[in-house]
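Report on the following structure.
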Amino acid sequence: MPSKRKRNPLQYQTSGSLDEETNQRSAFPQIDNNSASESLEYDIPLDGLDYLATVREEARKLVPFVAARREPETRETIPLRKLEIEAGKKSFDPFLRYLLNIIDKEGERLEQYMESSSLDASILPKNLQQWRVYIEHKAPCWAILAVVDLATVLEILESLSSWLEKDAIDLQSQWIFCFCYKLPELLNGEDISTLRSVLKSLRSTHTSFPALQMSASALQAVLVYRYGQKDLFQT
């Protein structure tokens, strides 16, 4: 059995004296310098305190260096940073806001009409089939928009993509735009999901008709800015 190495007792304390270079106390136990020098002569592995003594001894032999002072950045020295903007978002954003502004203003006019006029719900079409015929032949009017409820608006919008006819698409597009006036500031998740599906259908149907795509953009503006559907910027 190999004999154990005799080691000199080390004198240490848990809080060392101030270091001349850093003006701070050592975080490790303070070891006597003579003991450290003796430990360096051994070829066998050092124990924990001997290792610390070795590191201290080597650190004292290192050539000191001076770090260059970094000048604070000024307006002239800060490099220009390229803004990362999604493709098309920069130019498309003002257009959606413009449409939303129209919707907000017309929505206010509709509310004023509702407050100042006597409303008659009996003039409304009775079912979806009657709504389909009505929308194909008549332009939107305040009297109808004032009395139609949100549930009916959502139901019509959900059906409109399958009702679209080339001969009636201009009138149908007007109704889509005007139905946006009826959309409230707050809407539950299920109804928002319905509107997202409507937008997707409009974007994939009759894409060569500017009036229809304009109305789809109006719905998109409401979804993006009023209901926080930011992923629809480029839909």
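Positions of Cβ are set from backbone N, Cα and C atoms, glycine also.
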Candidate annotated as phosphoserine in Swiss-Prot, where the set is SER91, SER117, SER162: SER117
Phosphoserine according to Swiss-Prot, picked from SER118, SER122, SER161: SER118
Nonlocal residues around SER117 (phosphoserine), in sequence order (Cβ under 8 Å, 6 or more apart): TRP142, ALA143, ALA146
